[in-house]
Amino acid sequence: MAAHQEKKSSEERKRKNTQSGTGASQVQWGRAWEVDWFSLANIIFLLMFAPLIVYYFIMSCDQYECSLIDPLIDLVTGNKHLSDIWNKTPALTYKAAGIYTLWVTFQVFLYQFLPDFCHKFLPGYVGGVQEGAVTPAGVVNKYEINGLQAWIITHVLWFANAYYFHWFSPTIIFDNWIPLLWCANILGYAVSTFAMIKSYFFPTNAKDCKFTGNFFYDYMMGIEFNPRIGKWFDFKLFFNGRPGIVAWTLINLSYAAKQQELYGQVTNSMILVNVLQGIYVLDFFWNEAWYLKTIDICHDHFGWYLGWGDCVWLPYLYTLQGLYLVYHPVQLCTASTIGILMLGLIGYYIFRMTNHQKDLFRRTNGNCKTWGKKTEYIECSYMSVDGTKYYSKLMTSGFWGWARHFNYTGDLMGSLAYCLTCGFEHILPYFYIVYMTILLTHRCIRDEHRCFSKYGKDWKRYTAAVPYRLIPGIF
């Protein structure tokens, strides 16, 4: 969905809606008010089993050479009991707690206390203070965009240590991977619980809080839209982008260092994983200002789904390919290497160009060309909770005319490329493409449900003009 908030003065863009009844469904924009039994069952399942799923994957690599089947066979046949597996699992250590505390503290410092300077000398990069989208309550938050700067500083220090200072081993993340998992879980649950308590007693903006009356739904999906401490520390932006995504490339580098330590070389498959996922991470930070207009920031409230998910699920399950290659090094043939690289790069090109088209459309208020032709769009309107009417344009040209979420299609191509680097001996590294397919398909549906609540009949006109979600002619 490519929606553009027109760049008008605040008085111009806050014209009141005078048509009776048009805002009835739109005041629910941003959050469901009623929780059906199916959604509640899914939420309870995830709250109960998502941490166990992460543990199971990491334990399988640590104790079963990345086999997802062997632990079950051992348990079913009685060769092992749950206590046997648990007793072999590394416990939380003071060292891991120190590493994790230092890591999060350092990222908080870079985020909160070091204003961005990259936008001053990097052509084309948008950083510094930027405005987000309009919230359901009609608020426009400001953000300090400095993720690229934090990523650069962190990685410069990492390489400086690896090649000069030698304060710690480059394999430190891999060597403490399971103890660090316990630390990540503690932070994930702590920040999610704090966010819920905060929403009841001292919310940042009470009008942007939505209570369903269901504890489990509110805990998981969040109550506050943009919980903040002070003027600049925004929970959603920090935990979405830091510390998990900054760590993503460091985790992969630690895996590569461990492969070098164990086998005396780094395989081309490990290099591919580092390069392709590194491109994705750098793209995220280069376009962090654009990220302020995505579903995570524009629609999701901050709860366990984002808090725990960004602390645990993302760094542990998005990096499974590198972890697998430590235990099962794969040296790809030249043809496979080129094919996987091309798949990943083409997927990235589609992902980036699709987002670029939308970004250009937003910045020019639709007065631009797409593929050499005047950009086509559908004009629409929506309302905030206080009855203020806003105007948007939904793009129907370029990739956005092919499918409503064609950027996700490119994302899935890249995800498949990551998995293919690992060969076909085990299914574990393919969890990522399965998960991303489910996630992005669900996100399509979730996003469109909210867009329908937001835009009403205008959304129906848009879906009639662009009938497919991900794959033109199929879905």
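Cβ atoms are placed via backbone N, Cα and C, with glycine included.
Residues or ranges marked as region 'Disordered' in TrEMBL: 1-23. If you look up TrEMBL, you'll see 1-14 marked as compositional bias 'Basic and acidic residues'. Annotation source TrEMBL lists transmembrane segment at 37-58, 148-165, 177-197, 262-282, 302-320, 332-351, 415-440.
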*Find the member of 37-58, 148-165, 177-197, 302-320, 415-440 that has more C-beta pairs under 8 Å to the transmembrane segment (332-351) than any other listed stretch.*
415-440
*With the transmembrane segment (177-197) as the reference, find which of 37-58, 148-165, 262-282, 302-320, 415-440 contributes the most Cβ pairs under 8 Å.*
302-320
*So which of 37-58, 148-165, 302-320 has the most C-beta pairs under 8 Å when paired with the transmembrane segment (415-440)?*
302-320
*Sequence-remote partners of the transmembrane segment (262-282) [C-beta within less than 8 Å, at least six residues beyond its ends]*: 148, 151, 245-246, 248-249, 252-253, 255-256, 318-319, 321-322, 325-326, 329-332, 337, 340-341, 344-345, 348, 414, 417-418, 421-423
*Intrachain neighbours beyond the transmembrane segment (37-58), with Cβ under 8 angstroms and 6 or more residues off its ends*: 68, 71, 89, 177-178, 181, 185, 214, 216-217, 219-221, 304, 308, 312-313, 316-317, 320, 323, 428, 431
_Positions on the same chain near the transmembrane segment (148-165), where near means CB under 8 A and six or more residues out_ = 106-107, 110-111, 114, 116-118, 122, 125, 127, 242, 246, 249-250, 253, 257, 281-282, 285-286, 288
_Below 8 angstroms Cβ to Cβ, which residues of this chain, lying six or more residues outside the transmembrane segment (302-320), approach it?_
47, 50-51, 54, 57-58, 181, 184-185, 187-189, 191-192, 195-196, 218-227, 235-236, 239-240, 243-245, 247-248, 251-252, 255, 277, 296, 428-429, 431-432, 435
